[in-house]
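Have a look at the structure below, then the notes.
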Amino acid sequence: MDVHVRYEGDDDPEKCTARKLARFDLATLHRTDGATPYGIVLNPHAERALSPADAGNAGDDEEGGRENADGGNDVRGDGGDGDVLVALDCSWESAGEKRFSLPGEHRALPYLVAANPVNFGRPMRLTTVEALSAALVILGERVHGERLLEKFTWGETFLELNEEPLRRYAACEDSAAVVDVQQEYLDR
């Protein structure tokens, strides 16, 4: 799965995990929405949770077209959108719903705990690399997800902290099942 990042550049460049991924050729950064490929868009405001069912068929609606973020059909015929994972890299202070206007299949990550030094132990305050890695694990590409985290001293800690939920989310059949598993963690 190709990893792409819509890069806003509004956070601390020294702590930016997306820039580090790009330096190691593990992700491609894009400065505009138009340059960012269509695919699965990680969006904390999305109505559907990411699930293994999204792997390989993201973006195809019942008529064979692709629905974009505002409900219209995407006219690009490049296909392969299930092979593209997109994250928006921006500061959490500016990560409001309006920032997530990228075309694609928007999916929210389920409950996970951050391991990065800025938000360690805080639920749902993931860095771009944590979000991308978790998504890859849920989509059945664990080795790829682990490879992204190898460049960070705390990367293995993220996988250890979230080992059980990631395993359970990756075993779910669909988004509804992921939400059910997530609820168990929220109820604790």
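Note that Cβ sites are derived from N, Cα and C of the backbone, with glycine treated the same way.
Caution: TrEMBL annotation is automatic and unverified by curators.
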Subject >> Same-site S-adenosyl-L-methionine binder from LEU85, LEU88, LEU139, given that TrEMBL records THR17, LEU109, THR128 >> reply: LEU88
**OP:** Kindly assign THR17 (S-adenosyl-L-methionine binding site) to one of the three DSSP-derived states: helix, strand or coil.
**Re:** helix
Subject >> Assigned conformation of THR128 (S-adenosyl-L-methionine binding site) - DSSP reduced to three states >> reply: helix
Original post:
Just how spread out is the S-adenosyl-L-methionine site if you go by the largest Cα to Cα distance in Å among THR17, LEU88, LEU109, THR128?
Top reply: 18
